[in-house]
Amino acid sequence: MGGTSSKLPKDLLSEYQELTFLTKQEILMAHKIFSELQDRENGPYSSRVSMEKVLTLPELKSNPFRKRICHVFSTSDMKDGSLSFEDFLDLLSAFSDSATLEIKSHYAFRIFDFDDDGTLDARDLEKLVNSLTGETDDTRLTAEEMRQLISNILEESDIDKDGTVNLSEFQHVISRSPDFVRSPGIHSPVRRQQHSVFRAQRQAHGTQFRAERTEKRRFGHDVPS
Amino acid sequence: RLILSHLSLQAPQWISEQGRSRGAIISQYCNRTMQLRRRRQSRPSIQHFPRSARPSIRGYGVETDAAGFEEEENKRDRLVNNLQNLSDSDRVRMLRAMPLSLSEKKEMLVLNKAEHSVSQNQIPCCSQLKYYIIIALRHGWYGWLSFLSSLQLWQTALKCVGGRFGTGVLSYFIFLRTLLFFNVFLFLVTGLLLVVPQAITHPDQDQNITVRSSWGLEVLTGAGYFSHSLLYYGYYNNQTLQTGHSCSASGNGTSCSSGLSYNMPLVYFFTIGAAFFITCIILVYSMSKSFGQSFRIDKSKGLLAIKVFSSWDFKVIKKSSVRLQRANIGTQLKELVAEVNRQEQKFPVLQRLFRLFIHMLAWIMCLGSTLACVLAVYYFSEHMHGAASSDPLLKEASLLAVPVVVSSINLLLPGFFNVVAWMEKYDSPSMLNYISISRNLLLKVSVLGVLCYHWLGRVATDPQSLGLECWESFVGQELYRFLLMDFIFMLLDTFFGEFLVFSQKALKRKRKPVFDIARNVLELIYGQTLAWLGVLFSPLLPAVQIIKLLFLFYMKKVSLKMNCQASGKPWRACQMTTIFITLLCFPAFLGATVCVTYTMWSITPSAGCGPFRGLKNMFQAGKRWVHRLAAVNPDLHWLASAHSYLVENPLFLFLCAGIFLIMIYFHSQVVDGQRKIIELLQEQIENVRRESCEYVTVSSSYV
């Protein structure tokens, strides 16, 4: 496979820097990871990566909310959870440490909204609690406990008493929790690679240069990025 | 503000789902940019709301125009227009904070840039230069801020601990870090102003310095070689030091020309006074800040909802960790649900009386044991001072006896209190928490009280009977020994209590011990009280405390990781932090201040050593200087009279205390008012929603 490291154009890079909470280094890393994901697809230039491929990332593999995360950040018309590179950047930006509480709470709300109706009703809350507690029977809540829990949650957070938690009420609850700002950050896949990048960059430059030269000789022109 | 500004009379079924959420976001940000433009200052986002954000009725713009009626394109154009008119940083911040997809944001940016690039070329060159300078300054400022934030001590360690063990344990470590900063501040102040000048001048010492051979014991007792060193009060000179190095700006304005001089007694007095004053201000400020954060004005507790919505840690990757986290959350939710929905059990009268009797018995046992230990400490310290031993080594070792006894009492008696509490059955675990904290606190306060009485009331007033030349140095040594023994006993307790897992047998389930936050925090407060008591007598004591806290941090962290597990109990971290800071301020700091003030005001300093020898009390140093200033400089006579009226007259202090209390009352009334406002607003929200539902049903019946 030749010409693997397709460079991100500089103006796009600066635009992404302005519009997301990621640093330049993180955006480049994200691009690299995304290109690797893409290369496993049939067509190397397809702009979207299917959900199954995205879910092979180690950061998402064991996460009980992985499918919801993909659905929420996906902008595909087919609603299949496939992510383009910009969706992927959105995902990383929302989960980065410097994202505002508002962004985090907005996306957390959408992730927890399993039926996508804009509010968290009792069914959503039940699915949420089941995702949190797990699959095995001894960690799951009994039906009675679940009913009790949901009625407690609604009593605490439903201010307009309509039986559901809407975005404002959710944000109101979250803003009172000192823990929320700390915990919801996906362990960024860009960080896991950052250590190896400084070592690999030297090698990569060398190999890339050599690869480009061989390809130029082979094809007689530049390989499109 | 947050809630009502989102409320509008739109109903979901009129607009498609995808469009509604986008439309709602766009209209919301349109309004925000409008407000931002109007106010020309950054609107505080949800993150910047302090948790006790003061709501007020004015400023609520309830949107009555249904955002769904307007065309989306219209709103978007207005949003883009608003964005253009913001400053660069505001625009970037707005764009980043918008929860829209990246492709949509890019479109808005493109539209923005198209307009902007035209005006960019028309800027004359000098404003462009100013523009570049401002940009460069801003970059520099952000770089400096990020550097500062990266300097935050132990940030990664704290994140790990917090992520794994929860915010309760994290609050302990944060409290430790806060104490460390207090001590660093004290150390810097006393070090720079007292220790360094004294060390530089090397005054000639008349006393014979007897060098002992047993080095190990000296580190523990602080006596021997150390007793005539910078560590203690006795070393410091009472003359005006003639050095070439520093000129104390306040002391010798006129006589600086003859050679730089440094009025040691004055500086000593003022340094200690200023250090305590600044510590007081910092403490009161942090106490009020944490009060604001933890004090829930609205009635609902919100524990369960917060737990469910924010407990998932997305940073956990490994499958086994995920499974563990799920199990933890499941257990915690079950316990929380059980506790929140616990029914108040109605017992028959006889059983209630019996329970009351048991409670009273438990309290009598605890108070009795406290009193017994206090008396034991008192008589034992009297005995130790009286007993004379011929063997010098044994005499030195006997100095350690009282600290050992006190530290073992501090270690063992809380365990006894725990046993007593296990005997009585409390309804709620949080009540149990508070009761055990108060018993522990009572024990420590009484022990410290009796020790202070012993030092200040007996040793200080009659040092000759104990054969002491320099009672201040002796008290400083005692405090040093207490501090050190406290540290050693904490080490032993961590090693035996947490490493060797004694308590596993007592628990029904095979669980690792839970980190006892309350007990550890009270230990920290106790140690800090000793340090504050000792600053006057031993200016380098904060350094000892700093070393102790550093050791303690790493030791506790290691022991935590190896042996403890996360607590399932709902630990109201914010509220407990407030309680701890309050305990640090009120019994601990206040007690230390009272003791130090009493020492400075009423006790005669020893005649043979220290910077205040020859004076009637330490306070005289300041008074003499003021009078001398007034004598030298006739214009400053008002200073002397101000001094005698303000500082020496207790009426002024009572006035200050009265004003302080009035301010507290005023603030509590304000909080009450805000609570009422919040209740009214919640009712209003409910009513509006109900009305809008009725409106929908009524209008749809006409369709």
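Glycine too: its Cβ is placed from the backbone N, Cα and C atoms.
Record features (TrEMBL):
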- B:470-573: domain 'TMC' (DOMAIN)
- B:174-196: transmembrane segment (TRANSMEM)
- B:217-236: transmembrane segment (TRANSMEM)
- B:267-287: transmembrane segment (TRANSMEM)
- B:356-380: transmembrane segment (TRANSMEM)
- B:400-420: transmembrane segment (TRANSMEM)
- B:441-460: transmembrane segment (TRANSMEM)
- B:480-502: transmembrane segment (TRANSMEM)
- B:576-601: transmembrane segment (TRANSMEM)
- B:651-668: transmembrane segment (TRANSMEM)
Query raised in the report: Near the transmembrane segment (B:651-668), which residues from the same chain, at least 6 beyond its ends, have a CB less than 8 A from one of its CBs?
Result: 645
Report summary line: On average, residues of the domain 'TMC' (B:470-573) score a pLDDT of 79
Requested in this report: Grab the same-chain neighbours of the transmembrane segment (B:441-460) for me: Cβ-Cβ under 8 Å, and only residues 6 or more beyond its ends, written as numbers and ranges.
Outcome: 366-367, 370-371, 373-374, 377-378, 381-382, 385, 406, 409-410, 413-414, 417, 466, 468, 471-472, 474-475, 478, 482, 522, 525-526, 529-530, 533, 583, 587, 591, 595, 598-599, 603
Query raised in the report: Are there residues at least 6 beyond the ends of the transmembrane segment (B:356-380) whose Cβ is under 8 Å from a Cβ of it, and what are they?
Result: 401-402, 405-406, 409, 413, 416-417, 420-421, 423-424, 439, 442-443, 446-447, 449-451, 453-454
